[in-house]
Each structure stands twice: as C-alpha cells, then as structure tokens.
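Asker: First, the structure itself, so that you have it in front of you.
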Amino acid sequence: MRRYFGTDGVRGEAGKPPLTPEFVLKLGQAAGAYFRTQEKRPVVLLAKDTRESSDLLEAALAAGLMSQGVRVEHLGVLPTPGVAHLTKALKATAGAVISASHNPYQDNGIKFFGPTGEKLPDEAEEEIERLLLEDHPTRGIGTVGDFREAERMYLDFLLAHAPDLTGLKVGLDLAHGATYRIGPKLFQKAGAEVMAFFNTPDGRNINRGCGSTHPEALSRFVVELGLDLGLAFDGDGDRVQFIDRKGRLFHGDHVLYLAALAFGEKGVVGTVMSNMALEVALKERGLAFHRAAVGDRYVLEKLKETGLALGGEPSGHVIFLRHHTTGDGLLTALLTLKALKALGGDLADWYEALPLYPQVLLNVRVSDKAKVMADPRLGEAVREAEARLGGRGRVNVRPSGTEPVIRVMVEAEEWAEEVARELAERVRALSQEAQAV
C-alpha cells in the first residue's frame, strides 16, 4: 500500500509533513534514482503553479533530482497538461509538476509524468516510495536549464486544435493560477474577444473564491456583461467548467454528451459521479457508457480497457485521447467549442438538450477516512438511503483522494437533498466516534 502517493501524486499542506523541503529533497533523490534505472542520462521537465510555496518545493525537488545526475529543465509556471504534452513531445525521461490543482494556496503537491505523457503508473510510484526508505549518496552532478520555449510550444499545440472564434465574447476565470498568462493569449489568437478575470496571482489567492470549483462570480459576470460564455479553470489548468450565456453551469457531463455526438464517438467513459441522465441519453442514441472510479488516471485506464477515446468527470476533467494523454482544461474548451460549431447552437441550447437529474454532493471533513469507510454501519446507512429512493436514484459515498474528506453524493428525481444531508450526518457522527476512540 502506498503511503505518500494518492490518486494525483503527493499532496499536503506545504511546510508540514510530508511536504517539507527535507522530504521533497528525498523524494527528488528517490525519483532520480528510479529515473536512472530507465535511462542512463535522465532529463526531467519541471513546472509549477503560482502558490507561494511552489518555488521552495521546486528548488528542493530539483536538488534531489540533480544529486542523482538528472538534468532538470525548468519550465516556469505552466499548466499541468502542458508538462504532459512537452514530456512526450521532447522525449524527456519524465515531467514533474509542483501544484495542488484546485486546493487552497496552503496546500501543494508533486506529480510525475512518464515519457508517454501519462501519469506514472502505480508500480512506478510504489518503487519510488520503496526507494525513499534508502539512502541515496550523490551519483553525479546533474545540470539545470531554463527551457524558455515551453509556453510557446504548448500554445502552438493548443492552437492547432482551435476553431475560429472570431466574434465570440468569452469570459475567462483563470483562478489566479497556471493558466493566467497562456489562457488569454490562446483565446485572443483564436479570434475571440476576451475578458480575463482572476488573473493576478499573488501566491495566496489561487482558487480563492474563483476557478472551476467556485464559478459563481464568473456566472454573474457572463450575464451582467452579456458574454457568450464563460470558462473557469482550476489552479493547474487540467480542468474547466463552462458557463452558458444565461449564467448556468454547463459541466463535464454536458461536455461529454456534446463531444460524443459531434465527434462520432462509439461510447463514453464517465465515473461513479456522472449523472444518470448522461448514461440514459447516450444509450438512447446507441452509444456505450462505462463508469470508472473517480480520478482522471482511472478514466484513462477505463478508456484503454474499452478502446474508447472520450472520457471525463462532472468536475471538468475531460480526456480527448486522440489529442492528449491527460485532462487539459484549455484543450477541452477548444474542442467543445469546435463541437458546437459542428452541431450548431450554443451552450445554452445544449444545456437544455441534456436535463440532468438533481444531484447533491456534500463534503464531510473527517479525521480518519479509512476508519470511517471501513465501519459496517456506513454500509448500512448507504443501503437505507438507497431503499428510501426506491430504485429511482443513486447513492455514492467515497473518500477523496486529495483531501481529508468523504464525499456523499445522492442523485434522484426526488428527496436527493434530504437523503444526502441525513447520510452526511451519519458520516460525521461515525468520524467523531472514531476520533474519540
């Protein structure tokens, strides 16, 4: 069982275990030792987001890697999917990103990509964790460089997929994060009239009241300013949420439905959080629908298993496998707008084409996720909730892979909110009991 790597790399509060400079230095040494088993002279591309702790952790990770003879190429502030793309395009040994995605500024994280541009497989992360337990004396003096073409190369990749957006008025919520520079450049070059919001990072304002997890302000701006649509990215740019001209959230399930029809897909991979309405609508059109566990790495695994090319999550992580190896908010925005051009209409029209079942998602902060999830009384509570819905809805309770919370989701035509709140209270009570023991 992995101790440090979760569903999206190593995460935690910066400066506290495990994300201390000392630990990150050792992580760099262990990762460097692993990469030395893959190539004689490894090259690792290293990028970061805009958190105040990113510089410190970047320096520690780079030092650890270089102590093992690794060449480190600094990419500066760049969206996570840009690192994945460049790792593959430049045939680097690996890519690494200092970011905690949609989490608040106090948190940070480290994730690695392999030479194919995909996240490191579980076995590789397990081997790096094993190597963390060993001492790693200096095995050479690694060198460092600043790869100044990183943003331009990533921008060129994105523009190759961009439709002509001339005349489109777009609001961009950049979350004070990694897309704050490249986002406006991209949409302006594609011809759109751009209004950028939340694009002045100060190290502490990333995701604060903005971005894909807080699109309310963008929704208001779109309506008040008469924009055609809004795009809300998260802190590292691997997801996007859309706002239609009426200020409504056009989320990942809508995107999957629209893209599947526009691009002639044979089926779609969603997750256990995907709305039942998406599954029903796709099957009515003869398209397959498969559910994966939550997390883009599991969506990718299911895509490979089923041979499909389109998958994603309601949160805005969408993988267009013919074009990229990972979720990419900027690419998703471009391809969704291309799908609209192909089918006609705007986001508001397609929002109404897929009426979603009411869904309530509550996050319950807990002291010990594993203990609460293992409590048999939680299983009983879930079964009781399902019985109350009488087969006319779904219940899903799962631990977050990146935060100390358990997510309670209830989806039903009726009673969703009431059942979700009751179940969340049961989870909270079990957590308090576990903490008292």
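Every residue, even glycine, has its Cβ placed from backbone N, Cα and C.
Here the structure is a predicted model, which means the values were calculated and not measured.
What Swiss-Prot records for this protein is below:
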- S101: active site, phosphoserine intermediate (ACT_SITE)
- S101, D234, D236, D238: Mg(2+) binding site (BINDING)
- S101: phosphoserine (MOD_RES)
Asker: D236 (Mg(2+) binding site) to S101 (active site, phosphoserine intermediate): how many Å between their Cα atoms?
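Answerer: Checking the Cα atoms of D236 (Mg(2+) binding site) and S101 (active site, phosphoserine intermediate) gives a distance of 5 Å.
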Asker: Over all shown protein chains, what is the count of other CB atoms within 10 A of the CB belonging to D234 (Mg(2+) binding site)?
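Answerer: A count of 34.
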Asker: What is the interatomic distance between the Cα atoms of D238 (Mg(2+) binding site) and S101 (active site, phosphoserine intermediate), given in whole Å?
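Answerer: Between the Cα atoms of D238 (Mg(2+) binding site) and S101 (active site, phosphoserine intermediate), the distance comes to 8 Å.
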Asker: Taking only the Cα atoms, work out how far S101 (active site, phosphoserine intermediate) lies from D234 (Mg(2+) binding site), in Å, as a whole number.
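Answerer: With distance taken Cα to Cα, D234 (Mg(2+) binding site) is 6 Å from S101 (active site, phosphoserine intermediate).
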Asker: Just how many other Cβ atoms lie inside 10 Å of the Cβ on D236 (Mg(2+) binding site)?
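Answerer: Within a 10 Å radius of the Cβ of D236 (Mg(2+) binding site) lie 35 other Cβ atoms.
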Asker: Please list, in sequence order, every residue of the chain apart from S101, D234, D236, D238 whose Cβ lies within 8 Å of the Cβ centroid of the Mg(2+) site.
Answerer: D49, P79, T80, S99, H102, G177, A178, S212, F233, G235, G237, R239, G329
Asker: Give the helix, strand or coil assignment DSSP yields for D236 (Mg(2+) binding site).
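Answerer: Assignment for D236 (Mg(2+) binding site) reads coil.
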Asker: Please identify which of S101, D238 has the densest Cβ environment, defined as other Cβ atoms within 10 Å, among these recorded positions.
Answerer: D238
